[in-house]
């Protein structure tokens, strides 16, 4: 972990001193080296449930850590096109903010101390807010930033209160120590209150349906790198927090509230799928689809089953790659057409046929088509034996496929608008970007052990 943090610090320093002509190549090369260093952890045989008492890398954290480092160079590659014409100071600031977010995510996904986890968890807010308000497309970006900061901050305050109460009760905020002390020295009532305070921050951060109002605004107004990082990684902080703290929750509280929460999450996924069908803004549609997917992730965690939690992690990794690719594809269309309205950008297959291929692949992956995140969807079949109510909502969630097909049908089929006939063709940089999103997806089904939690019992 220290190696990854030092590489991130070196990237920050380099972005200030490298020349203008070499800024993007050097930064992307360094971020690629960061990705390789993270991938090298996969074959580390010393990785177990608890690696040491300050930082940990287990089979729950490792996939999310690798995903964070993998998407950093991809976000920079996607942003290079529209940032090249800005002043060099703005370009350096943008790169530094992306690196700060990556460093905070590395600390978050490798932290055993809950207070360090909370600090790194909240540190991601400030650079993301600056990305939205400074490099957003329209004046509504300030309102989007206001929604983003207030929802996430007010949702995190109860978590801070619960951590303070946890420290005074157990004299420690290290997760292994808390597992031994907290559950044996507190009543079921105090554990229930602590559980209710803790999950609110994660439900807002994911977010599930009902806590999601900040997400569509933030996605629509954010630049492409902000949307990619927000959808692919920052939303996963909520799911990771739920999975990490699930062992500290009261069994009585979980058994009492699991069924209502799982049913609510499944119902929210169904509602957001219907909302997606009514959307005309491409980025808003992808943002609402993220709400639906993360609601299903929360349902898998709340089910407390091995298959449900493994399915949640599998779906988070696959959704991170697919949603990032969809936002990158939406950005390529926006750069050429100047609009995100689906009806106006129709008929793109006649203008950008190679991009149509990537749209087909990613829309199919978004609905769980093999070889993508199908195994994550299969793991959720465990719901059928867990609760009959979940099986009902799971059957109705076939609506998911409708909006994924609608994205491809409306944007790629039909006659082209006349003002789109002279747009530039696709660049090799863009095809490389989409290919690097696809390659990890193809590894999930043949090698699921890279993602599944090995120590979970």
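Going from the start of the chain as shown, residues are counted 1 onward.
Every residue, even glycine, has its Cβ placed from backbone N, Cα and C.
Swiss-Prot has this to say about the protein:
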TRANSMEM  22-42  transmembrane segment
TRANSMEM  59-79  transmembrane segment
TRANSMEM  95-115  transmembrane segment
TRANSMEM  116-136  transmembrane segment
TRANSMEM  148-168  transmembrane segment
TRANSMEM  191-211  transmembrane segment
TRANSMEM  223-243  transmembrane segment
TRANSMEM  257-277  transmembrane segment
TRANSMEM  282-302  transmembrane segment
TRANSMEM  309-329  transmembrane segment
TRANSMEM  350-370  transmembrane segment
TRANSMEM  433-453  transmembrane segment
_If contact means at least 3 Cβ pairs within less than 8 Å, sequence distance 6 or more, would you call the transmembrane segment (22-42) and the transmembrane segment (309-329) in contact?_
no
Any contact between the transmembrane segment (191-211) and the transmembrane segment (59-79)? By contact I mean 3+ C-beta pairs closer than 8 Å, pairs at least 6 apart along the chain.
no
Could you check whether the transmembrane segment (223-243) packs against the transmembrane segment (282-302) - three or more CB pairs closer than 8 Å, residues at least 6 apart in sequence?
yes
